[in-house]
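Trainee: So that we are looking at the same thing, I have put the structure below in structure tokens.
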Amino acid sequence: MALSKSMHARNRYKDKPPDFAYLASKYPDFKQHVQINLNGRVSLNFKDPEAVRALTCTLLREDFGLSIDIPLERLIPTVPLRLNYIHWVEDLIGHQDSDKSTLRRGIDIGTGASCIYPLLGATLNGWYFLATEVDDMCFNYAKKNVEQNNLSDLIKVVKVPQKTLLMDALKEESEIIYDFCMCNPPFFANQLEAKGVNSRNPRRPPPSSVNTGGITEIMAEGGELEFVKRIIHDSLQLKKRLRWYSCMLGKKCSLAPLKEELRIQGVPKVTYTEFCQGRTMRWALAWSFYDDVTVPSPPSKRRKLEKPRKPITFVVLASVMKELSLKASPLRSETAEGIVVVTTWIEKILTDLKVQHKRVPCGKEEVSLFLTAIENSWIHLRRKKRERVRQLREVPRAPEDVIQALEEKKPTPKESGNSQELARGPQERTPCGPALREGEAAAVEGPCPSQESLSQEENPEPTEDERSEEKGGVEVLESCQGSSNGAQDQEASEQFGSPVAERGKRLPGVAGQYLFKCLINVKKEVDDALVEMHWVEGQNRDLMNQLCTYIRNQIFRLVAVN
């Protein structure tokens, strides 16, 4: 799945990927590597190292005015990924908000043959770089690339011994404070890991591009995890010699143990990010010992890419609208028909539920309502009804055998007070049980049910419709299917507690203290009316499902009741 839409916001390739056809028409060296299919679509074989090298060199020349040479035996960098890293470093050091005339100093650990990070940083931002390299071939190519782009005054390439990271590289420049360091460490610990034999999930497809890196570029003792730990240990000695330390990671599983290492070492400022481009994802970790640095927020938890959510809908047939129009006469002075009468009844239901709503502008033959639900009142109504029935069931009654015995004989004055109480006539007892003393209030308001009605309410469990309103799971047409928020809802539940479990309580800590906001559209569809409910924002989409089901059931019950 392409990840280009998740690139850094300032990455020039985020919304405008390279135009291979245009580049091929302008650069003959690139043209020889492109392929054109029968539909005229231009493509590139990313498994061909020469094609990948041609693309990198062409993009640097076209978009940045840089001319470089890269040997096929060494790592060929992809431009969008490296540009993502440069932009993140800009965020770390506050480049966008700072005085552009201030000279920024950075270190590139293992700059590679292309020397791409210093070239991009110097060209885009005028940064000064100390670029280190252990490999002879990479060192020679890096120096050549710097010189042929006339950037020797901003980029210093130095050859360092094997396993040299920061400590030895900074011995000669003990007075300079650097703003940052960058590093693209060797990802793998051995050949098997580099080939994905013991590290790659077998379910993943094979890599779509070729790996051309040399031994020192792709492999190190202990892999990237141990390599970055060595940088961390160097930083513990250098501390404020650099404002920010950073490293790119090729494996997500390396991120957590490195963050834990920084925590154990007591590093005060830590952040991380994701680099997304094409079909490749990388991670980066940064830390600082300065108190005055601004720490960029890490990326929020990414959700699976989803199709746009369909609204929850149900249809009100023309025959139903006609019945609703007849019943709506007490509600309106003028006659209401069609979608107007459906909207009128929806507004009445919402008013009864105390759901805030107002009409908003919309298209022709359409009525729109904007809803703000403060509490889950549609569930409360059902709960109150069942609670009332339970209270009626629990009113004490005399046992049947006692009543029968009392009917057969009148009590004598010598009988116990309790028997006398039971023997009182109907005029001396309340209709619902024992007589009330003066000043006592009835426990249940309203008329008491008959024996028949009580037996009918013996099991006051929710009906199927009531369950559907509480559960929010009735499939109101097919568009309701799969409409729950999935991981988003689960996350919200973990943060605020489950809104459904709370049964309509206002959840603390929520701006405005509302459950959700949504938009109801009532549209004319031939002779019928289509009711759509669109999610806007809130705590849990299932609550909107419940309300939609409740409204639908109430409208249909209006017609069913004669």
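Using the three backbone atoms N, Cα and C, a Cβ is placed for every residue, glycine included.
The shown structure was predicted, so the numbers you read here are calculated from the model rather than taken from an experiment.
The following feature annotations were taken from Swiss-Prot:
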type     : residues                          : note
REGION   : 17-20                             : region 'RNA-binding'
BINDING  : R82, G110, S114, E133, T164, N184 : S-adenosyl-L-methionine binding site
REGION   : 163-167                           : region 'K-loop'
REGION   : 199-211                           : region 'RNA-binding'
REGION   : 250-254                           : region 'RNA-binding'
REGION   : 277-283                           : region 'RNA-binding'
REGION   : 289-400                           : region 'VCR 1'
MOD_RES  : S329                              : phosphoserine
REGION   : 402-498                           : region 'Disordered'
COMPBIAS : 402-413                           : compositional bias 'Basic and acidic residues'
COMPBIAS : 458-467                           : compositional bias 'Acidic residues'
MOD_RES  : T463                              : phosphothreonine
COMPBIAS : 480-496                           : compositional bias 'Polar residues'
REGION   : 514-562                           : region 'VCR 2'
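Context for these features, please: burial, neighbours, distances.
Mentor: The average pLDDT the prediction assigns to the region 'RNA-binding' (17-20) is 91.
G110 (S-adenosyl-L-methionine binding site) carries neither a helix nor a strand DSSP state and counts as coil.
If you look at the region 'K-loop' (163-167), the same-chain residues 6 or more away from its ends with a CB under 8 A from one of its CBs are 107, 109, 132, 134, 181, 230-231, 234-235, 237-238, 242.
In the region 'RNA-binding' (277-283), helix, strand and coil residues by DSSP number 0 helix, 5 strand, 2 coil.
For the region 'VCR 2' (514-562), DSSP puts the residue distribution at 20 helix, 21 strand, 8 coil.
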Trainee: When neighbour density is defined as the number of other C-beta atoms within 10 angstroms of a residue's C-beta, which of the binding-site residues S114, T164, N184 has the lowest density?
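Mentor: Across S114, T164, N184, these binding-site residues, the one with fewest Cβ atoms within 10 Å is T164.
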Trainee: What are the helix, strand and coil residue counts for the region 'RNA-binding' (250-254) according to DSSP?
Mentor: 3 helix, 0 strand, 2 coil
Trainee: Once the chains shown are all counted, how many other Cβ atoms turn up within 10 Å of the Cβ of R82 (S-adenosyl-L-methionine binding site)?
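Mentor: There are 23 such Cβ atoms around R82 (S-adenosyl-L-methionine binding site).
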Trainee: Under DSSP, is E133 (S-adenosyl-L-methionine binding site) part of a helix or a strand, or is it coil?
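Mentor: Strand, per DSSP.
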Trainee: Just counting, how many other CB atoms are there within 10 A of the CB of G110 (S-adenosyl-L-methionine binding site)?
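Mentor: By my count, 24.
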Trainee: Using a Cβ cut-off under 8 Å and a sequence separation of 6 or more, which residues in the same chain sit near E133 (S-adenosyl-L-methionine binding site)?
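Mentor: Those within reach of E133 (S-adenosyl-L-methionine binding site), by Cβ under 8 Å and sequence separation of 6 or more, are G110, T111, G112, F139, A142, V157, V158, K159, V160.
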